[in-house]
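Sequence annotations record features per position, and here Swiss-Prot assigns domain 'Era-type G' to 14-181. According to Swiss-Prot, the region 'G1' annotation covers 22-29, on the basis of sequence analysis. Annotation comment: Swiss-Prot describes 22-29, 69-73, 131-134 as GTP binding site, evidence class sequence analysis. Swiss-Prot lists 48-52 with the feature region 'G2'. Annotated region 'G3' per Swiss-Prot: 69-72, in sequence order. Taken from Swiss-Prot, the feature region 'G4' covers 131-134. Residues annotated as domain 'KH type-2' in Swiss-Prot: 212-290.
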């Protein structure tokens with residue numbers, strides 16, 4: 001696939017899908033945000049924050065990098081968790097390149113081993129991304145790289161800090177070398193294929209993850225019921241429902257005299273106004289949907305498709 005330069009010469013154009021995979025909490029979503037230069041995927045300190053595949057598009061003069069952030073691969077016990085893991089593993093065959101993200105400060109983690117075996121079986125070009133190098137001494141890095149190199153013939157091993165951005169320019173340069181020639185799949189001004197409703201729901205869910213504890217974050221699903229733009233008033237009106245599994249969880253989400261729900265809404269509104277670059281009117285409701293994480297019908301209703 002060629003493009004014409006201003007001088008009339010053909011310039012090779014490359015494009016491809018790049019899956020970001022790994023265990024929970026290794027920095028996959030932080031990496032996606034760092035690559036895009038904007039916060040698209042929600043980030044918390046809790047494992048299993050990401051539930052859906054999130055596509056982020058990075059354009060260059062001669063390439064389009066289409067990154068796919070995935071849920072962390074883990075031992076799944078509920079239908080929701082099994083769907084999350086399946087969403088991640090489908091990326092093995094849907095991608096042109098796979099980025100296995102691991103923590104640079106640790107020895108080879110036992111849970112990385114089955115992921116590496118799946119990489120081998122897929123035959124997909126794969127990079128090892130050693131994240132969080134800002135937290136370790138440099139002399140710790142080479143032995144860990146050698147250990148992973150002995151497990152699989154990765155095309156490239158690249159140390160990075162997704163948080164500080166160190167190593168991301170090198171990663172993009174190396175990815176370009178392996179991208180296939182192809183068309184521009186998405187327009188220049190498109191950063192993701194996700195809807196505004198989905199992104200608003202994710203911002204709300206991030207605040208629930210950050211402000212609540214124990215089972216509450218994992219028992220909550222956010223559905224945006226209304227998303228209406230009022231251009232005359234430079235305003236978006238959003239109405240959303242937080243679905244939980246038990247009455248006791250509903251009480252915690254609402255909080256004493258509604259204080260927790262108000263805090264969730266305030267923090268979400270501030271982030272939405274930054275992301276959508278306009279004023280936001282946000283109203284939140286809380287509803288009990290008993291055992292929704294185990295009910296295939298409700299999982300589909302909340303966007304977690306089987």
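Yeah, the Cβs are placed from backbone N, Cα and C, and that goes for glycine too.
Recorded features from Swiss-Prot, shown on the structure.
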| residue | record | DSSP class |
| --- | --- | --- |
| 22 | GTP binding site | coil |
| 28 | GTP binding site | helix |
| 70 | GTP binding site | coil |
| 133 | GTP binding site | helix |
Please spell out the DSSP helix, strand and coil residue counts for the region 'G2' (48-52).
0 helix, 0 strand, 5 coil
Can you check how the pLDDT averages out over the region 'G2' (48-52)?
83
Are there residues at least six beyond either end of the region 'G1' (22-29) with Cβ under 8 Å to its Cβ atoms? List them, or say none.
41-43, 45-50, 54, 69-74, 100-103, 109, 111-112, 115, 131-132, 162-163
Counting only residues 6 or more past its boundaries, what in the same chain has a CB within less than 8 Å of a CB in the region 'G4' (131-134)?
26-27, 30-31, 101-105, 141, 159-164, 166-167
Helix-strand-coil residue split for the domain 'KH type-2' (212-290), DSSP-based:
35 helix, 30 strand, 14 coil
So for residue 73 (GTP binding site), how many other CB atoms are inside 10 Å of its CB?
22
Around the Cβ of residue 22 (GTP binding site), the count of other Cβ atoms that are within 10 Å:
26
